[in-house]
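Visitor: Okay, handing you the structure first.
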Amino acid sequence: MNNFFNPSRPSPRPWPNRKKQTDKSAIFLCSVSILVVFFIVVFFITYSEMPKSLFSISAFSGSVQFPQCRSEILTRTLLGQKFLWYAPHSGFSNQLSEFKNALLMAGILNRTLIIPPILDHHAVALGSCPKFRVLSPSEIRISVWNHSIELLKTDRYVSMADIVDISSLVSSSAVRVIDFRYFASLQCGVDLETLCTDDLAEQSQAYESLKQCGYLLSGVRGNVDKCLYAVDEDCRTTVWTYKNGEADGRLDSFQPDEKLKKKKKLSNVRRRRDVYKTLGHGTEAESAAILAFGSLFTAPYKGSELYIDIHKSPKIKSLVEKVDFLPFVREIMIAGKKFASETIKAPFLCAQLRLLDGQFKNHRESTFTGLYQKLEALSVKNPGLINVFVMTDLPEFNWTGTYLGDLSKNSTNFKLHFIGEQDEFLARTEHELDSASHGQKFGSIPMSLDSIKKMQTHCYPHGGSNVQLYIEEAVCSCASLGFVGTPGSTIADSVEMMRKYNACSSS
């Protein structure tokens, strides 16, 4: 005892004495630690086994978590309408094909389509459906939302309806639509003047409201009762059909092979599901004000479709025919026809040569071979000078050493025409599109006079879209000597569609 209270005196046996005094404390602390660790382990095991919905927004009141879901907004501000939102990706041609699919889905499900902006080329990438390597629907939705807000902040927002003419669709009541900017203003409670200017500072209340809206519409926090239903099925699991007479839920013919399953550790099984039975009348999704898809891209693949197989359904034949070809707005078509008549001034061949991007850069020779064969055939039929309009991603200063370089030197037999990035008429066409502001003319929810004024003053297009590409496609639609496109290019498919519907003569 004296040793314990008198530290100045050395203790011959300090450790045994110390242990006697601390045994009870050590046992107590050890017991508490074990209990804490035990409860932590139990919590995480329990958490991992609980249904995700318990920790998602759907487990709570949407109006508490998201003010945008208050009943007065859904019933009064949005007039009780049901909306469809989706997440486009990649270049313009892919975005256009998704837009057409979105129009069909909106028509089938009787929802108002939220018209998206035209995204920067490859600003949002989906991935590869055939390889079962894609972004999840919630990931691509939040990417598209963020990029859309970035376009607004940087004054580069152009609506799909500013470029593509949907006036006949809307006037015939085939579909209902609303501009993304106006919808975001109503849903998120952000004034149009603030939304459409570069004053959208990241620390502002408006920016925070939009950020919260993004979380809501992306579905990253789950569904919200009567407000949002986020579709999580994508091309890895689902092929959407519509009243085609087949059994709902049957296996699709295209499935991942065993090698891919093993390599990617896949357990996905692709099933064909009727979109109306799954998301239409009488379903959980029907009650939600907003139905949010991910990507709506599809393409034929190995005897099936990657994601959407509704285009041959007899029930929507009329709508499919109306959506099949959506022409450019008149300003673009006039510019293309004017270039053909006033600059080329002769019958011409159009060559669309995609040489730099993605897989196409590895197939230059085969791309050039198609053009060579077409020109050889034309030379036999039409001896003399052949005019060729070239639309390509290969800059002119890189033509040396390529077939294009050889053609440009052969001025006796060929005359090449192309649109330069600095051509004056591009800026003129952009200005005309800005003035027209076609995207503001459509909306299922009437605008107040104040909103109309703000849209016209602050939300007009700002030339951020690739007007050159659209005009080049319009020029190619007028090529009387034919068209040579790059195999596998969606741009080539778009030009072929324009030529099929005689866009040049009918515009």
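The chain as shown is numbered from 1 upward.
Placement of Cβ uses the backbone N, Cα and C atoms for every residue, glycine included.
Pulled these features from Swiss-Prot for this protein:
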CARBOHYD  Asn110  N-linked glycosylation site
CARBOHYD  Asn146  N-linked glycosylation site
CARBOHYD  Asn398  N-linked glycosylation site
CARBOHYD  Asn410  N-linked glycosylation site
TRANSMEM  26-46  transmembrane segment
Visitor: Whole-number Å distance between the CA of Asn110 (N-linked glycosylation site) and the CA of Asn410 (N-linked glycosylation site)?
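Guide: Computed Cα spacing between Asn110 (N-linked glycosylation site) and Asn410 (N-linked glycosylation site) is 57 Å.
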Visitor: Looking only at C-alpha atoms, tell me how far Asn410 (N-linked glycosylation site) is from Asn398 (N-linked glycosylation site), rounded to the nearest Å.
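Guide: Cα of Asn410 (N-linked glycosylation site) to Cα of Asn398 (N-linked glycosylation site) measures 17 Å after rounding.
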Visitor: Name the residues of the same chain, 6+ apart in sequence, whose Cβ is under 8 Å from the Cβ of Asn146 (N-linked glycosylation site)?
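Guide: For Asn146 (N-linked glycosylation site), the qualifying residues are Gly214.
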Visitor: Measure the Cβ-based neighbour count of Asn410 (N-linked glycosylation site), defined as the other Cβ atoms within 10 Å of its Cβ.
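Guide: Step by step: centre on the Cβ of Asn410 (N-linked glycosylation site), count other Cβ atoms within 10 Å, giving 12.
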Visitor: Take the Cβ of Asn398 (N-linked glycosylation site) and count every other Cβ within 10 Å, whichever protein chain it belongs to.
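Guide: So the number of other Cβ atoms within 10 Å of Asn398 (N-linked glycosylation site) is 13.
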